[in-house]
Amino acid sequence: MRGFSNEIILKRTLTLSDFTLRYHKRGITALQVIKAPSVSNVPVLLSGDNYGYFVMWDLVTKRPITHMEIEGNSHIIAFWWVETTNVLYILSKDSMLRIFELDSSTQRSIDLVRKLSQANKTDHLQWTKIYEMPINTLNFANFIIEAEVKPTKDNKSYRLVCCHTDDSETIDIYQIIEDSTFKLKRPFNNINFPRFLKQQNFLGISKDSKFGIIMRFAKLNDVIFLGYENGFVVGFKITFDEGLQRDIAELVHVSNDHYPNPILDMCVSGDELYSCSTDDFITKYKIPVNLQLETKYLRDDALLIKCPSSLRVSEPSKVHLPLKNIGHIDKVKDDYLVVSSWSGMTIVYNMRTSEVEQTFVKSKNNLVVSDSSMGDLTNGSGSNTESSSKSHNYKVGAMTCLESFDVQSDGLRLGQLRRIKALAKCNWCLIGYEDGTIKLNKI
């Protein structure tokens, strides 16, 4: 997109929101759409704010289902919901990962068209904290939960991938065993990919160079991606090493297209990884679903890391956008890329036509007195739409999307079915702002 006027494009595509969710009194910092069959037969929304409040939303009635206050009122960074066990992981700025279970004795399906007088009665849903552990959150990084490859019939086992407790340039991998007692093991401690790449002289990286802290995690199939402060992205998977007779980390992806700018967000769609930074572009990497088996490796047994000797820097394609400082990114269906910038603007970009189709902002509606001798009152707009609007738009604290979905009509009354279909037939962009509101926007 060269030679266009950013201001004209963004103003021309400005779109009003369809719905607003109001409950939070502080800035939204985390959003996630999940499936929770024990609660609702349609997807629900999780939201968290910078004062430790967590809300589960009914997206059909646009009302809270249940809410909870994290002890210490600590800024919520990220969620992860494990549907099979009704367990919710919440990472907070006080460097604690808290694990909650939805009380099975109180679960029931929600009547999606209940009366107004019943709408806020959420006592039937209870969250029980079953564990908490320290995690380094200096960088506001998220975390990854993935199911173990070989679960047993007696319990369910998961891997937790997160920043190392003390060194936020490295990671830890825990094994979480959910049984009657809830067990935690740490088979990988302080995995240091920057040190490994320097030792192997990969890309001629100087041993004195700094990767900085890990900014974001993402997962695509069995590959975990780390986005660093210096713009590098590395991807690895856990494989069994015959020589060591144990699992080790195998590097399968390295890229540095955002260097030296920090990775601000990553998302996955199909077999593609998307990343963003302070640049005015998104990088897109196509990741093979079935990685080829290698016979020759570079390795460091002390670090428990290896990589194929044929590994090279991945070559991405770039999607140029009329925004910089892109803090949030998501993908909808095959065509639409949704991005939010530090300016408070969110755009829907059609990758097939290379056009911005929608722009969402929440304005503070501040009048600014001009210094001009003409003495006019303006809304602060200028030639640079993004920079001029930065102080006049509410900042985006979190953004996520919900794709259209099929509806099972069995057992639903006509009114229920109509309201669910109104949600299910559309793609949605959900944006949480610093004033505590959450906007629902049809795409």
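Any Cβ shown, glycine's included, is placed from N, Cα and C.
Annotated repeat 'WD 1' per Swiss-Prot: 23-67, in sequence order. Under the heading repeat 'WD 2', Swiss-Prot lists 71-110. Marked as repeat 'WD 3' by Swiss-Prot: 258-295. Annotation source Swiss-Prot lists repeat 'WD 4' at 318-359. The region 'Disordered' annotation in Swiss-Prot covers 372-391. Per Swiss-Prot, compositional bias 'Low complexity' is recorded for 378-391.
Secondary structure of the repeat 'WD 1' (23-67) per DSSP, as helix, strand and coil residue counts: 0 helix, 24 strand, 21 coil. The average pLDDT the prediction assigns to the repeat 'WD 1' (23-67) is 96. Residue counts for the repeat 'WD 3' (258-295) under DSSP (helix as H, G, I; strand as E, B; rest coil) come to 0 helix, 16 strand, 22 coil. Outside the repeat 'WD 4' (318-359) by six or more residues, the chain places 1-2, 4, 6, 9-11, 13-15, 257, 264-270, 272, 274-284, 385-387, 389-390, 393-396, 398-401, 403, 427, 429, 431, 433, 441, 443 with a CB less than 8 A from a CB of the stretch.
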